[in-house]
Structures are given as C-alpha cells and as structure tokens.
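K.L.:
This is the structure I want to talk about, given as structure tokens.
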Amino acid sequence: MGHLGAFFILLGALGALAEICVIPEMDNQLVEKLGQHLLPWMDQLSLEHLNPSLYVGLRLSSMQAGTKEDLYLHSLKLDYQKCLLGSTSRNYNNGCQTKPSMGQLALYLLTLRANCEFVGSRKGDRLVSQLKWFLEDEKRAIGHDHKGHPHTSYYQYGLSILALCVHQKRVHDSVVGKLLYAVEHDHHLHQGHLSVDTVAMAGLALTCLERFNFNPDLRQRITLAIQTSKEKILKAQTPEGYFGNVYSTPLALQLLMTSPMPRMGLGIACLKARTALLAILKDGTFQNALMISQLLPVLNHKTYMDLIFPDCQAPRVMLASTLENPSPAHVSEMISVTLKVSSVLPPYQQAISVLAGSSLKDVLEKAHELGGFTYGTQASLSGPYLTTVMGKAVGDREFWQLLRAPDTPLQQGIADYRPQDGETIELRLVSW
C-alpha cells in the first residue's frame with residue numbers, strides 16, 4: 001500500500017473523528033418574533049441610530065423587511081459615505097454630529113458584501129484606506145513588544161481585518177501578527193475575564209484569512225490560532241449552556257459552525273447552547289438589537305463567512321410588523337430599586353420607585369430627576385454604556401461594572417436590563 005496510502009487512511013480516520021457544530025431548526029414563529037424585534041430599530045434612520053449589523057443580520061437570515069430594508073441600506077450608504085468621505089479637513093462637520101467609528105466602518109463594509117457588492121471606485125478605495133490606516137495605528141499602539149493595547153479593542157481590530165478580508169483586500173503580515181499574538185497569549189483578550197465575543201471575532205477574521213491564504217508565511221500560525229480560539233470558547237461554556245454569557249453566544253456559535261473540529265463534545269456543546277438560547281427566546285428577554293443580528297444568521301445555518309460568497313437570490317420570508325408594544329407605560333404597578341455607588345466619595349445609595357418593566361436606564365434617569373445623582377453615557381452598536389457616574393469619568397482600562405447585590409455581574413447593559421422589585425443595583429468602577 002505504501003506510505004502515501006497509509007497517510008490517506010490516517011487522514012480519513014482523523015476526519016471521521018471530527019465533529020461539527022449544527023444548530024437544529026427552531027420554531028418558525030419564535031424566529032420570526034426575534035426578527036420582528038429589529039423592525040422598530042430599522043425605522044430609526046438618523047446616523048446616531050443607524051447600525052450596519054442589523055442589515056447584515058437580516059440578509060444572512062431567512063427573513064426580509066422589504067422596502068424598509070432597502071431604505072435602511074440607502075440611509076446607511078448616504079450617511080456613512082457623507083460622514084466618512086465628505087471632508088478631509090480636521091474641522092470635520094458636513095452636518096455629521098459624530099463620525100462613525102472604525103468598527104462601524106468595518107460593519108458597513110460587511111453590509112456591502114451582504115448586498116453582494118464589492119468596494120470599488122475611488123470612494124470605496126478611500127474607505128478601505130481608512131480602515132487600513134486604523135489598523136496600522138492600532139498596531140503601533142500595541143507595540144513591537146506587544147506590551148501595549150489597541151486604542152479601541154481587539155474586537156474592533158479583528159472585525160476590521162474580517163471586513164477587509166471578505167472584500168478580498170489583503171492585510172499586511174505585521175497587522176495579522178498582532179491578532180495572532182493576542183490569541184496565543186490569553187491575557188491580551190481579557191477584560192477581567194475572557195472576552196468570548198472578542199475571541200470569536202478574532203477566530204472569524206483568521207478563518208477568512210485562512211480560506212483566501214492571503215498570508216502564506218503565517219498560515220500554520222493562523223490555523224493553530226483558529227483551533228485555539230475554538231478551544232477557548234468551548235472551555236468558557238457555562239453550566240446553563242452559554243459561551244461566556246447569553247450575549248456572546250451567537251458570535252461564538254458562528255465561529256464554531258465554520259468548520260469541523262477534531263474534538264469530542266463539540267456537537268453536544270452546541271446543542272446545549274441551542275437549548276439555553278431557546279429558553280431565552282421563549283421568555284422574550286433577548287431584546288438587544290446587535291445580538292439579535294448576530295443570532296439570526298446562526299438560526300439560518302449561516303455565519304459571517306457566508307459574506308465571502310453571499311447568496312443574494314436566496315428566498316427569504318417577509319417579516320410582518322407587530323402591533324405588540326412591550327413598553328412599561330401600560331403597566332401601573334410600581335417597584336422599588338435601590339441604586340448604589342460605592343466608587344465615589346461620599347458613597348451614594350438611594351431607593352428609586354419606577355414602573356414595573358422599566359430598564360436600568362429608566363432607573364438612572366429617575367434618580368437623576370430626583371437630584372443628587374448624575375451620570376453620562378455614550379452610544380455604541382450594542383447600546384448605551386456608562387462613561388461617568390457622579391462626575392467620575394472612566395480612565396484608561398476602566399469601566400463602570402453593573403452588579404446585582406451582593407456581587408453578581410449583570411449580563412445586560414443599562415438599556416436592556418430590567419430590575420425586579422426589591423433589587424439593589426451597584427455601579428462599580430473597575431479596572432482591567
């Protein structure tokens with residue numbers, strides 16, 4: 001038989017041991033209800049509220065929003081190109097209150113691929129150049145000895161590489177090398193704990209690079225880093241079944257679904273995650289638009305890798321608008337939530353009365369109205385996050401952590417979490 005025949009037999013045996021991550025179909029009504037959560041967001045067409053991830057999620061799902069979807073894409077193109085390309089001066093304005101971040105630009109490039117468009121023309125080349133300049137700047141911030149940190153995050157770093165890759169734009173080995181080093185060395189992807197969504201985004205970016213073989217000198221490291229990313233995600237699975245938490249699970253599943261893995265238990269781990277997500281979908285607490293947009297492709301057996309060669313002719317079911325209004329304005333019951341801030345002097349603690357079903361952001365706003373409490377937020381694609389509390393702003397490598405007493409970190413942000421009667425919520429300034 002010879003050595004070559006023995007090699008192929010061994011290869012076949014290894015392939016037989018490989019497992020795949022498959023998410024069985026969920027109830028169509030549940031999935032449609034999840035998609036309907038995105039429709040109100042698609043009515044918000046100001047630059048501040050435009051979120052390219054919503055469009056990408058819908059195009060990779062089994063559903064569509066018809067003319068609303070077309071209008072949303074038109075608004076994205078109009079505002080993003082105006083605000084990103086409208087001026088080369090440092091006194092940037094052009095009617096744009098804020099310039100989209102490079103993470104948003106990366107998502108915008110994914111949007112174009114979701115519509116089967118490649119960046120071309122001078123405008124497209126300028127967008128690509130901006131993203132490459134951003135990566136070079138972040139690479140310098142990390143440093144040749146890898147002791148620094150990106151100005152933004154490794155999540156945006158990986159997302160930017162992915163966006164360029166699906167448009168078949170090569171990224172320099174030195175830029176890719178920084179992401180590889182971060183995956184190879186755990187502490188670079190920690191924010192007090194392993195950031196599963198960051199690891200997943202890095203793995204997706206590297207998977208795209210591997211498929212195109214854009215960086216042949218790094219190919220072995222890239223292949224190994226993809227496997228390392230998957231192993232880290234599997235080890236981060238909670239007893240409930242989430243990978244990290246409920247909000248990082250969709251992106252983690254996208255990476256695990258990209259290719260088979262020579263690891264026993266992968267299929268079971270994915271089924272366990274599906275069961276956990278199904279429970280969340282049934283009780284209706286999964287409302288964050290960004291995370292919904294990352295979950296919808298998974299439920300349609302697709303991932304961001306499908307943006308490499310998207311199928312824009314695939315049939316999709318039209319989403320029907322829902323008249324359901326989950327607003328707490330129709331609920332008359334009042335609850336009491338204690339708000340606590342120990343990271344300032346003097347410490348703050350106050351019982352706040354709000355309508356049942358109110359979000360934590362509603363609690364903060366009510367506390368501000370009552371006096372003695374101040375806070376500031378900044379918008380992001382996953383919702384607003386705290387930047388200042390009681391006049392104390394976050395510093396370098398700091399953030400305001402949300403905890404339910406006595407010491408349970410919240411998995412949701414201020415706009416998504418809805419406190420229960422009698423709960424104490426602490427805002428704690430922590431470093432990472």
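Note that Cβ sites are derived from N, Cα and C of the backbone, with glycine treated the same way.
Those TrEMBL annotations? Automatic predictions, nothing curated.
Small disclaimer: the values here were computed from a predicted structure and weren't measured.
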K.L.:
Which cysteine out of C208, C270 is the one TrEMBL pairs with C21 in a disulfide?
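P.N.:
In TrEMBL, C21 forms its disulfide bond with C270.
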K.L.:
Choose one of C116, C165: the cysteine that TrEMBL connects to C208 by a disulfide bond.
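P.N.:
TrEMBL annotates a disulfide bond between C208 and C165.
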K.L.:
Once the chains shown are all counted, how many other Cβ atoms turn up within 10 Å of the Cβ of T152 (cyanocob(III)alamin binding site)?
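P.N.:
Cβ-Cβ neighbours of T152 (cyanocob(III)alamin binding site) within 10 Å number 17.
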K.L.:
Rounded to a whole number, how many Å is the Cα of C208 (disulfide bond) away from the Cα of Y154 (cyanocob(III)alamin binding site)?
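P.N.:
Their Cα atoms are separated by 17 Å.
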K.L.:
With a 10 Å radius around each C-beta, find which of these binding-site residues (Y154, Y385, W400) has the fewest other C-beta atoms nearby.
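P.N.:
Looking at the binding-site residues Y154, Y385, W400, the Cβ with the fewest others within 10 Å is that of Y385.
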K.L.:
Could you work out which of the recorded positions (C21, C165, C208, L402) has its C-beta surrounded by the smallest number of other C-beta atoms within 10 A?
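P.N.:
Ranked by other Cβ atoms within 10 Å, the recorded positions C21, C165, C208, L402 bottom out at L402.
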K.L.:
On a C-alpha basis, identify the one among C21, C165, C270 that is nearest to N245 (cyanocob(III)alamin binding site); the candidates are the disulfide-bonded residues.
P.N.:
C270
K.L.:
If we count other C-beta atoms within 10 Å, could you say which of the binding-site residues Q156, N245 has the fewest?
P.N.:
N245
